[in-house]
Amino acid sequence: MQPTPDEARRDRAGDSQWSRPECQAWTGTLLLGTCLLYCARSSMPICTVSMSQDFGWNKKEAGIVLSSFFWGYCLTQVVGGHLGDRIGGEKVILLSASAWGAITAITPLLAQLSSARLAFMTFSRILMGLIQGVYFPALTSLLSQKVRDSERAFTYSTVGAGSQFGTLLTGAVGSLLLEWYGWQSVFYFSGGLTLLWVWYVYRYLLSGKDLVLALGVLAQGLPVSRHSRVPWRRLFRKPAVWAAVISQLSAACSFFVLISWLPTFFKETFPDAKGWIFNVVPWLVAIPASLFSGFLSDHLINQGYRAITVRKLMQGMGLGLSSVFALCLGHTSSFCESVVFASASIGLQTFNHSGISVNIQDLAPSCAGFLFGVANTAGALAGVVGVCLGGYLIETTGSWTCLFNLVAIISNLGLCTFLVFGQAQRVDLSSTHEDL
């Protein structure tokens with residue numbers, strides 16, 4: 001009896017998965033890559049005050065430069081995921097890192113090219129957003145194809161912890177470089193490290209022939225047969241897909257609102273508090289929390305628990321319990337308690353890596369990059385709206401409680417949707433499969 005096309009596809013996918021040593025090497029490499037992604041992304045916010053002094057920017061002009069990143073970031077999520085599904089996520093990541101590393105390294109030069117520095121910096125930030133927007137969808141595509149089902153949560157959570165490492169690294173080393181050598185050195189540091197990482201990946205982990213082939217596909221627009229067609233109708237007729245998109249939207253929006261307004265909350269509520277405490281401690285908590293969530297998720301699945309049960313448990317922690325601690329922030333006047341609540345809320349949000357982020361790979365491993373791109377685009381746009389709405393509520397009511405109520409409402413809407421409609425069986429194949 002001849003195997004069906006779907007069965008043949010699953011067999012080929014199994015053959016292409018990384019071995020244990022390959023998975024460990026790539027996990028460490030991608031962890032560093034995510035760290036450098038956030039180093040480059042955080043360089044401009046850290047240097048904004050010094051650059052504003054040098055270039056005469058006011059708060060409004062500085063805000064234009066900072067916010068312009070997200071407009072570019074929203075536009076390439078779907079493209080990055082689809083390219084990852086077609087030519088391989090690792091190739092998309094390498095090409096993206098080459099571009100963002102170069103742009104970061106030459107940012108000081110761009111700032112001196114013309115008297116229109118505001119326009120140049122705004123354009124460079126939009127371009128940075130466009131380039132970095134492909135990273136996480138391509139990463140999702142790569143891990144869905146190369147990592148075993150029972151190891152996906154820990155792998156994704158470990159790689160995702162690079163975002164906290166990168167934020168801390170730029171905050172610590174970048175602040176010293178800024179003080180000792182000026183704002184230009186921060187961009188040289190972030191961009192240079194990224195280009196070194198690109199060289200290492202190209203030299204030791206990727207085939208030059210494969211990369212040239214990928215560049216040819218991009219340049220000529222040639223179709224790639226393997227997984228090149230996205231089953232749009234099949235995907236978006238499934239309630240589980242919409243549950244995943246809405247849950248990812250809620251998680252991203254809540255996260256953007258918190259990280260955007262927490263520093264201002266602490267500065268206004270506790271003006272005498274040390275900034276390094278409330279800017280660093282939550283991220284120090286988030287790193288082990290992310291690793292633990294991945295370990296716990298994979299452990300429970302290996303113990304025989306259904307995948308969808310574990311995914312919903314992780315979302316209950318990442319959206320439900322985290323929102324409880326966010327609500328507590330609006331009802332305390334103690335600095336220590338506020339730091340604990342903020343750290344718990346940010347740390348628990350990393351459980352989303354082992355919940356909805358991996359669930360997207362459960363649903364559609366053949367086009368996980370595309371689907372994650374759709375969900376993350378919605379999340380990024382909702383984040384921009386949520387941050388603006390949060391500012392409006394604070395300005396109108398004069399109370400921070402309404403902001404944390406907003407976070408709780410958004411989080412629990414996404415959680416309830418996922419608890420009711422979430423599934424873990426594949427929906428990208430024509431044949432039906434038993435729910436995991």
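Placement of Cβ uses the backbone N, Cα and C atoms for every residue, glycine included.
Unlike curated entries, TrEMBL annotations are predicted automatically.
Transmembrane segment is the annotation TrEMBL gives to one range among 64-86, 156-178, and that range is 156-178. For the domain 'Major facilitator superfamily (MFS) profile' (26-426), the model's average pLDDT works out to 86. Among 156-178, 185-205, 368-393, 156-178 has the largest number of CB pairs under 8 A with the transmembrane segment (276-296). With a threshold of 8 Å between CB atoms, the same-chain residues lying at least 6 positions outside the transmembrane segment (317-348) that come near it are 247, 250-251, 254, 258-259, 262, 265-266, 269-270, 273, 277-278, 281-286, 289, 293, 354-356, 399-405, 407-408, 411-412, 414-415, 418. Long-range neighbours of the transmembrane segment (368-393) within the same chain, counting only residues 6 or more positions beyond its ends whose Cβ lies under 8 Å from a Cβ of the stretch, are 70, 73-74, 77-85, 89, 136-138, 140-142, 144-145, 230, 235, 241, 244-245, 248-257, 260-261, 356-357, 360-361, 402-403, 406, 410.
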